[in-house]
Each structure stands twice: as structure tokens, then as C-alpha cells.
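Input: a single structure, listed below in C-alpha cells.
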Amino acid sequence: MRYLCKSILLAVHTILLVGSVCCSTDVHNTDDKYALIHVSAHDEQSLHLIKQLQLNDFKYDLDFWKSPSSISDKADIMVKRGKSERMLRQILSFANVTVSMSVPDVEKLIMRNEGTTSKSHLGFGSLSKWLHDDPILDSEPDLDLTKVGALKKAKYPFGDYASYADMVKYMRTIEFYYPRIAKIVRIGATHEGKPIEGLKIGARSSHKKRAVWVDGNIHAREWASSHTALYFINQLVSEYGKDAQITNYVDTLDFYIVPCLNPDGYEYTRTSPIPTVRLWRKNRSPELCRPSLWGGEKCCRGVDLNRNFRFHWAERGSSYEPCSNIYHGEEVFSEPETRAVRNFLATPEMKDRVDAFVTLHSYAQLWIYPYSHEEQNYPEDIGELRKTARKAINRLSRVYGTNYRMGTGADTLSPAAGGSDDWAKSALNVKYVYLIELRPQMELSNGFILHKKELIPTAVETFEGFREVVDAVLTLNNSTSSIGLSSGSNTSRKTISDLQMRKQQYRMRLLASQAAGSTTRSTTTLKTSTTSVSTTSEATSPSKTSRHFDRFTADLNSSTRARPTPPMAPPIMSPSTEFSTTTTEEEDVTGVIRSSSIASRATTYGFFTATKPSAFLDPECRDMRYSCGFWLKNNKQVCEEQQSFMRAQCAYTCKFCTSFIKRH
């Protein structure tokens, strides 16, 4: 098997790399297109091949968004369109690996989900208003900004992607106006001299309190993680003195929340929607060069920070090659960002105080506990970790119905050594350690490009799950824990209307019922993105960085202190429809989307049907898209050809509803 895999890898290497340019260069051809494909193995041999491809991703210009954990489990791979994609498909097909298109043009997905009219929030601005997909047909929006606690002075654009300077300004403003419970902590600086800052939230006490650590954005491209961490900050501060349980949290514990551990990488991903920039994973450490197989040298920069901690470092799930996305660094704690975490948690202020360590990532909807360096390897207190994790995902699901799975990273994804969560458990002996992979679930195609409409719902539900971890810490220390969702939490299920819950449950029931019976067609297929469910269960600044920090501070001070709260946003459930075909390689996926794109928020939406059907008021018989009538008009057979998709999205128009049949 090894010989065959090596032969296949050599063939891929020869085909894909002749004449290619090193993946590390920061000069990109804006005409290049990248696709996201799903691949799944059918035996151990093909699974081994996929994993070997990931370890050698830099050789083949591949970007693994998600690794396969087992046979039939899908991997998500971003690959350059054209020759690279065709040849990779041929090789994988020969190795008995199923390949299917997920996103034909990743850059268009980026612009559709993350484009904004505010250049201060997102570097590449709004270039694709017409690319927006149709919203779900709802009489009222699912997104409720009232779930974001109001702070009189400190404002942050929740529901949008903002700059690192905006994050720091927001935290500093909170410290200024809420000094009794909030204090800025600077744990270190990056390669480029940016400060790594977080917020300590806790009421003053005469004794040393137990602590909870939360971090986000250790991987540059995982934007939703920092937004969620900032929401944690907002809720703990805004609800202090209002919500009895949160007041108890802040009085009893100290929370240390660092929203962005990788500011250099995060800011780099904001500079362009080009996939190789937006999907950058590592930090921005200086270039390292290695001899090239084709002569000369390959020079690449960046280290995967979540492979750089001292826990079975460099053993599995990482690479010695600087050009790899999972490069673990020259040595353990080689990076200023990881040293900053280590050194701060070893200070007298923090040593032996931390009872919970939560690190936020995306994506897959997973609640992960140690250990992740190898399969079926667990800490001694695994029972308590599982019990709390189960409570957390159950509580999370009661908010919007989003289902998470739980397990170790090795058991649910694939083995990966050198992670911060495993290090916190083994080296710091933290009791409750969790890595949370946020929305979307693994089966959906948006991946890291989470639509802005889903940011607040993601944060709201994750905070509810996080509260179970805090309750466990309080119980561990014999303190009064939260009395739960049913007893008055401000973000409890009670804040969600019955209509909203019915809509969420209806969507999930339809999608879940169709998932098991879906089949692959050789004709054009529709692939849909929804929010729904899983089917299962030393911190020193390097020399010559002062000028970078001065420039960063100048940028910070030049912007206004507070940003107004954004207006009511559209519905959170925003499926993205992608068209793909096995016969036409360069098909323009925007053909139908352009015809049915939505207008601006201030515009009244129209229907392709003559009137708004009264049956839409019946949650058992309704269309979920504006475009159902348009699709049927342009293809009379679409209901039969795309039955699974159309049954879920256009039940009324296609006359799939039992209530429709009874009336007619």
C-alpha cells in the first residue's frame, strides 16, 4: 500500500509542479480561480493517500480546509482551477477516491458572504452586492440584535467582520468606562510588533480568584472565532448587574479573553479576497528556505501556531516543511505568539489559577476535549470532561437548534500534535479544556467563509454552551452556579419566539430527512449551505518592531473611539446555492444567482410568484427561497431533477406538501 501511495503521490507531484510558482510568494495572479472540492475515501489505502496529500500539501498547491477522520468521511480541499484540478481529479479517481465539487469559485463565495460597504471593517470592500444569494422567505428576521448586550459607551460592529485595531479599541474603551470589572492585559507582541491584547473581566476581590481563559483566531482565516470571543466580552460586561448568573460569574471568577492570538495573520487575510490570501492559516513569521526538488530553493513564511506548543510536538498532523499549512516551526515555542501564551499563563498572577481553557476555532460544529495527538487517548478525568461537554452542546442546541458533536480532535477529525488545548491540559493541568469548532457543520460548503448574517447567532449559541463550562468551574469550587436556561437567562430560549423556533425546526427536519437519501447525479446539481445540524451526536517583541507598533498605534488612535450599533440585519439562515456540473469545467456559477440576487436592505423584496402564497404561513407547506418560481419557470423539470433540494427549499411551488395536496 505504501508503495502504491508513493507512486501516486509522485505522479501528482510531477503533474502539478512542473512550471509552478512557490506557494509562499505574496504576489498573486488575480485571474486565478480556486475551487473547493469534497473528497472521500472508500478504503484504508485511499484514506492513507488523502492524508499523505495533506502532509505534502505544499508540493501540490493544495489547501486542506478539513481532514478526513475515517473512511467515507469527507475532506475539503481548495485547489487551483484548470490543469491542477483536472489532474488531481484523475489521480484521486484512480485511487478509488470520490471527488465532488463544493464551491466552483471560492473568491465569489468570499465576496458574497463577507463583502461590505464599510472599508474600515473589511479591507477589500464591497465588490459583489449582486452576488448575494436569495434570503430565506421569512415574515420576520431570525437575527435579533437585542441579543447583543448594550454598552453605553463601548461599541463594536457585531454582525460584521472588523479590523484588529477595532477589536483593541473596543476592549480599551471597555476598560476606560468599566474600570471596576475590566482591565486590558497585554500578553506579548507579534513578529510584526502588533500587541497581543485581551481583557480581564472580574470584580475586584481581596483574595485570588479562580480564572477562565478564552482565546480566538489562533488561525488567521478563522474570523468567526474572534467575533465570538468579543461577544463573550460584551455579554459579561453588559449583563453585569443585570443578569444574576452573569453577575455571579464576574464576582466569583476572573475571565481572561484574548480575541485574536494571531493579529499579523488576521490582518494579512483582510488585505484581499484572493483565496490564497483570505484563506491564509499561519502567522507571518519571516521566510525560511529549503532546497527545491526541482533545483534552487523554496522560501515560505509562517508557522501553524496550533502545532507549536509543547505537547508531543512534531509527532503527528504537522510538517517539517515551512511551505506547508501545518508547519510546526523550527522548534517548540519558536513563535512569539505561542511564547506569549505560555509566559503569561506561567506568571504569578496566573499560575495554578486557571480552571477552564477554551480556544475558539472554525469550522465543523465540534466540541473537542483532549487529547488530539492520537486516537483514543484520553485524560484521567475524561468522564467529567464529557459530561460537561454534553451539557454544553445540549444547551447550545436549545437556542437555534444547531447540533454539535463532541470528542477528541483525533477521533472526530484527525490526529494533530502540538495544540494549545492539549498543552493546557497536560502542562498546566487545567481541569476543563475545550477546543470549539464553530459553524458551519462539516457537510456544508461555506467552511471558513461564514456569512456575516450567521455571526451573531453563532456567538449567541456558543456563549450559552460556554456558560455550562463556567457553571462546572463554579461547582468545582463550591460556588453558586447558573440556574440554567429555564430560570431567566437573558439569552435563554425564552428570548426566541415560538415562530422562530418552528422555522428552525422545520428547516432542520427537512434537511436532515433529505441528507440520508441524497444521491450524486452526473447532471447539474445544486449544493446548499444552511446553518443547521450534524447528524450525530517569552513574550518579547523582536528587534526592529517598534516602528510597526507605532504605526499600529497611530492607526488605532486615528479612528473614532466608538462605532454605532449596526441596524437590524437580515435573517440568519442564508443558504448559498452553488451550481456545478461534471461536464463543463469553467461554468459561471453566477448565472442564476445574478438573475435572482437580492436588493439592498432598504428595498422591499418582490416574489417571482404572482402573489405571496397564503400557504407560506403554514410552516409545513412553504417555500424557503424567493427564486422557487423563477427556477420552475426556467426549467419545468427542476422539481423532479433536483427533488431532494427542491423538496427542502421549494415545497409549495413544487407541490410536495401534504397540505397542498389536501386543498387541491
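A Cβ is built for glycine as well, from the same backbone N, Cα and C atoms used for every other residue.
The recorded disulfide partner of C621, taken from Swiss-Prot and restricted to C299, C300, C323, C657, is C657. Of the listed candidates (R281, R339, R386), Swiss-Prot assigns R281 to the same substrate site as H219, A220, R221, E222, N306, R307, S362, Y363.
Within the set C628, C650, C654, the cysteine that Swiss-Prot bonds to C639 via a disulfide is C654. The least crowded of the disulfide-bonded residues C621, C628, judged by other CB atoms within 10 A of its own CB, is C621. Distance between Cα atoms for C650 (disulfide bond) and E437 (active site, proton donor/acceptor): 31 Å, as a whole number. Between the CA atoms of C657 (disulfide bond) and E437 (active site, proton donor/acceptor) there is a gap of 36 Å, rounded to the nearest whole number. Comparing C639 (disulfide bond) with C628 (disulfide bond), their Cα atoms are 10 Å apart once rounded. Separation of the C-alpha atoms of E437 (active site, proton donor/acceptor) and C628 (disulfide bond): 33 Å, rounded to the nearest whole number. The number of other Cβ atoms within 10 Å of the Cβ belonging to C657 (disulfide bond), over all protein chains shown, comes to 19.
Looking at C621 (disulfide bond) and C654 (disulfide bond), their Cα atoms lie 10 Å from each other. Of all the disulfide-bonded residues listed (C639, C650, C654), C650 sits in the most crowded Cβ setting, with the most other Cβ atoms within 10 Å.
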